[in-house]
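Working notes for the structure below.
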């Protein structure tokens, strides 16, 4: 059984009400429930954290190393374009990760086109709404099992 950590960055706690035309109508609880069930059915353990505070996400990444987490899925949200500290934390623990976004960041404002994570991520999935997380989870399963 593998352990997978899903990290949700700032403002994702507002899913379901924040700009639903961009982010969809599903809540973060809906997404987390579905991911947890999918992981359980595949025989894996899923952990989640949403935070609007960069340091809390960094601390959780550090804890993940101590806990033996096998894989991270992260939607850094607005931190995608600003956080060298989160990038360094992910590199520092050496846990493979997938960068995920609900919207297609490359079809949005120019400042959203740059990511501090994509060049060091196993992969990037964006633009599929909440399905982006499900696709990332399936990719994580494949990487973990080598299939």
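Glycine residues also receive a Cβ, built from the backbone N, Cα and C atoms like all the rest.
Residues annotated as site 'Transition state stabilizer' in Swiss-Prot, with sequence analysis given as evidence: 18. When other Cβ atoms within 10 Å of the Cβ of residue 18 (site 'Transition state stabilizer') are tallied across all protein chains shown, the result is 12. In the three-state DSSP assignment, the secondary structure recorded for residue 18 (site 'Transition state stabilizer') is coil.
Here Swiss-Prot flags 23 as active site, proton acceptor.
If you look up Swiss-Prot, you'll see 75, 81, 88, 102, 103, 112 marked as substrate binding site. In the three-state DSSP assignment, the secondary structure recorded for residue 88 (substrate binding site) is helix.
Under the heading active site, proton donor, Swiss-Prot lists 101, citing sequence analysis as support. The DSSP secondary structure for residue 101 (active site, proton donor) is strand.
Comparing residue 101 (active site, proton donor) with residue 18 (site 'Transition state stabilizer'), their Cα atoms are 15 Å apart once rounded. In the structure shown, across all protein chains, 101 is the one of the recorded positions 81, 101 with the greatest number of other Cβ atoms within 10 Å. A simple way to gauge crowding: the CB of residue 103 (substrate binding site) has 18 other CB atoms within 10 angstroms, across all the protein chains here.
Between the CA atoms of residue 75 (substrate binding site) and residue 18 (site 'Transition state stabilizer') there is a gap of 16 Å, rounded to the nearest whole number.
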